[in-house]
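Let me begin by handing over the structure; questions about it come next.
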Amino acid sequence: MADLIRFTLDGEEVEARAGETIWEVANGRGLVIPHLCHKPAPGYRPDGNCRACMVEVDGERTLVASCIREPVDGMVVTTNSARATSARKMVVEMLLADQPEREAAHDRSSHLWDMAEANGVTESRLPTLEAERIPLLDDSHVAMRVNLDACIQCGLCVRACREVQVNDVIGMAGRGHDAYPVFDFDDPMGASTCVACGECVQACPTGALMPATVVDAAQVGDSRDYDREVESVCPFCGVGCQVSLKVKDNKVVYVEGINGPANEGRLCVKGRFGFDYIHHDHRLTKPLIRREDAPAKGLNVDPDNWQEVFREASWDEALDFAANGLKGRGREVAGFGSAKCTNEEAYLFQKFIRQGFGHNNVDHCTRLCHASSVAALLENVGSGAVTATFNEIENADVAIVIGANPVENHPVAATYFKQFAKRGGKLIVMDPRGQALKRHATHMLQFRPGADVSMLNAIMHVIVEEGLYDQQYIEGYTENWDAEKAHLADYAPERMAEICGIDAETLRAVARDFATAKAGMIFWGMGVSQHIHGTDNSRCLISLALMCGHVGRPGTGLHPLRGQNNVQGASDAGLIPMFLPDYQSVMDDGVRSAFTEVWGSGDFSNEKGLTVTEIMDAVHTGDIKAMYVLGENPAMSDPDVEHARDALAKLDHLVVQDIFLTETANYADVILPASAFAEKSGTVTNTNRQVQMGRPAVTPPGEAREDWAITTELARRCGMAWDYKSPADVFAEMKRNMRSLENITWDRLDRENAVTYPSLSPEDPGQAIVFGDGFPRPEGRARFTPASVIAPDDVPDAEYPMILTTGRQLEHWHTGSMTRRSAVLDAVEPEANCSLHPSTLRQLGVDPGGHVRLTTKRGSVVVMARADRAVAPDMVFLPFAYVEAAANILTNSALDPYGKIPEFKFSAVRVEKAESGALAAE
Ligand SMILES: Nc1nc2c(c(=O)[nH]1)N[C@H]1C(S)=C(S)[C@@H](COP(=O)(O)OP(=O)(O)OC[C@H]3O[C@@H](n4cnc5c(=O)[nH]c(N)nc54)[C@H](O)[C@@H]3O)O[C@H]1N2
Ligand SMILES: Nc1nc2c(c(=O)[nH]1)N[C@H]1C(S)=C(S)[C@@H](COP(=O)(O)OP(=O)(O)OC[C@H]3O[C@@H](n4cnc5c(=O)[nH]c(N)nc54)[C@H](O)[C@@H]3O)O[C@H]1N2
Ligand SMILES: [Mo]
């Protein structure tokens, strides 16, 4: 390569690439130059402020900071000269002078002490700071401790907060020796706008910022005091951050992000501080069977006091009981599998229903999630997965984020989006709510809920009208353009402005920005998918990308941000009523026989099975009488949940396999205690199509067992000759009929932690971008499917004049089963809440923090109300994590006809000031 730089390092001729620093070249050769303010991790820019990495350069009067200095041709660098080593030693000695003694240090294993050792320094000969100048300790945050007496002003926490996570909470106050990090305007950390991602804690080299779990009451701690470190994957969202779990005495003591392909070391509050749900004393530790004298099935079991309803049973008894209630019932059985479990577990679950009961009544939470997006993608692109990883935004010029709130729901992906905007990328945010990305957006389109098709069609109308589309791409790679073009003629922005609430000029500006960019991406979420016209919404996004040629190149692509840690994998593994693994149709005889051959079993139904909501309806009609629910909580997550709860109560036989006694388990006849993610091995697939290895860090509590092992035992007792010894056996079987797993083996994943599919060879880490040379559709062409405007199902009227929208908050996971049992997350967000515009609250006569009653055609809840200007005055936003004010009592179960997804994002609602004492009476 032409631009290699040749220089001398400690007497040896070496080469550097353009932009590489002396420190990096040395490090690449195995020589670690001491360093403190420098963090050799993705996203951290060198700062050269601590002088701990000084080296000597021939011909230069002063020593240079190797972390920031780039070599030039012919430069002679000496790292180990007497002058350099004594200077580095002096730097460390000066820093140690102000530190607590090592034995009394907040973190006696901090990087600073390692570096002191590396420099041969054990104590300082220099005077210590006068005590009154040592700033106070700050223990105001539940998850982190600030010990400013250990701060060396290296600024890593500022870079972590501002540049890596782009949260802008930490800054430096004071000058010189008196400089210290502050939160917002020098607020206590716990009272600041800190979102507790903990990036600063992970970056801090001295123990000035630490996880609270590592420091004891006397503020003394040791971050290396653990028995082992286990590399695995975060169990929460579809980003799939790789983590290192630090384990002591069979407990996870703290968590750090490691360099996975999606997260590059970063984590959010749940991944870093939300792990302790696995140690909660509500964990199920023994199989439970409903007592003969139990009260009628209902939402009446307290996890602290379950003995009135259930009795403990041996595994043998419970498995026999579970199997006997399912066996031989054929079509009366249905199963909900789990996107919280592994690929192997998802595969076994769908096989259990298909092989064991001869039909396809098996589904999972994808139905409530991106089912409509997947329907549109399969229809028009030929594949349901993302066409590019979210990290590709690094190569984009423009990006649309629509109906997704990644700052709270995919927080680590959001760090890349914010960095993109910071370096000048045009970020276009489309959301009825003024969500957190607004601050970083070039255009914020706060449009009317449910009006996506009108807005997107108007934008596409402009692209056609102004001739901004990519004719060559359209001709080369698509079909049905003429129909789309003709259809769009009716959607002039001037007309659509009335429906979507965004003025024509803004729609035109957005159209121009997106269409004329070199590389554009589209990210979307539940605001797009959870509508009766969710599939149409996605069709519009696909058409928009196609007409601009924004697919298949670096910095382009379609990316529905997948939700659960393994919803991509569970769908790939066939946990869907229409599809076997890899989206192969159950209606295709050849496909079914390929599977039955591997399974060594007879044929099963060639009809699509029932979906999540259809299964609940079929219970009411008496067609389904028994269910096996694995790692899902439909008694909280289904729309119009009273209908779902009544269905669960009506079942003859309900088997629930979970880690907690959930609301759904309340209705169970038998409960099988499973192991949590950190207690089992298996692979998971994230939103980026990255298949990653999950490893057990601790053993399950009591008699709890791994999910795959429980399903296998149950299958045997239902008459299937299953003989898996480990998840690796299951993975090997999956590969036989899943082309997506070509070149990906269990051993490879165990070695490499992650491989992206498709992977083209055993060495290929996988393709971040797909469809550069055509689509998996007839003639390799993607399709334009025109979409027309359809109103939401349950529109406001005089009785229910406002709009209810439901969704999520940063700290809580769905139905709260895990996060309300995590000490940190529950402490930060302990109470059921909704958000309304301050003017609406004023009109209702409710103070922020007071209570409101929300009523829809389905039911009513009372909940604390927050004032939030981001919410439109005629709307109320309600998260669905709280059983005491369950959002789904209110939601509408009307379905999108293609994806069969319910309209979680739109209901007509009446909001009233709650009568005093209403909460207690509920
Ligand atoms: N903290 C946390 N993170 C999570 C989860 C969690 O429970 N908690 N769940 C995970 C799962 S499974 C999923 S699927 C993802 C979901 O992640 P998101 O898709 O971000 O989920 P939501 O918060 O439900 O909705 C996203 C946005 O849609 C907007 N919206 C509402 N109505 C409309 C509309 O009509 N049109 C448009 N365009 N937008 C609208 C809302 O204002 C909201 O900002 O999050 C995952 N991550
Ligand atoms: N109103 C409203 N409702 C919604 C949505 C919305 O936006 N608004 N969003 C919908 C969406 S996108 C989704 S994805 C669904 C999610 O709906 P669900 O999947 O029903 O919700 P979770 O709370 O994630 O349920 C996961 C369950 O798995 C258990 N679990 C965790 N780990 C393990 C494990 O390793 N093994 C076993 N066996 N169990 C485990 C947990 O304790 C929990 O009970 O909710 C949907 N419902
Ligand atoms: Mo989801």
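Including glycine, each Cβ sits where the backbone N, Cα and C put it.
So TrEMBL says this about it:
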type   : residues : note
DOMAIN : 3-83     : domain '2Fe-2S ferredoxin-type'
DOMAIN : 142-172  : domain '4Fe-4S ferredoxin-type'
DOMAIN : 181-214  : domain '4Fe-4S ferredoxin-type'
DOMAIN : 227-282  : domain '4Fe-4S Mo/W bis-MGD-type'
Which sequence positions outside the domain '4Fe-4S ferredoxin-type' (181-214), separated from its termini by at least 6 residues, show Cβ-Cβ distances below 8 Å to it?
36-37, 39, 44, 99, 105-107, 110-112, 115, 138-152, 154, 156-161, 164-165, 167, 169-173, 221-223, 225, 253-254, 256-257, 265-269, 272-273, 411, 810, 824, 828
Reported in the order helix, strand, coil, what are the DSSP residue counts of the domain '4Fe-4S ferredoxin-type' (181-214)?
11 helix, 7 strand, 16 coil
The domain '4Fe-4S ferredoxin-type' (142-172): which same-chain residues, six or more beyond its ends, come within Cβ distance under 8 Å?
36-37, 39, 43-45, 47, 49-50, 95, 98-100, 105-107, 110, 112, 134-136, 179-184, 189-190, 192-212, 215, 219, 266, 269, 272-273, 415, 418-419, 422, 440, 823-824, 827-828
Of the residues in the domain '2Fe-2S ferredoxin-type' (3-83), how many are helix, strand and coil by DSSP?
9 helix, 19 strand, 53 coil
In the domain '4Fe-4S ferredoxin-type' (142-172), how many residues does DSSP call helix, how many strand, and how many coil?
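Helix, strand, coil within the domain '4Fe-4S ferredoxin-type' (142-172): 12 helix, 7 strand, 12 coil.
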Within the domain '4Fe-4S ferredoxin-type' (181-214) only, compute the mean pLDDT.
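Over the domain '4Fe-4S ferredoxin-type' (181-214), the predicted model scores a mean pLDDT of 96.
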When DSSP states are grouped into helix, strand and coil, how many residues of the domain '4Fe-4S Mo/W bis-MGD-type' (227-282) land in each?
10 helix, 21 strand, 25 coil
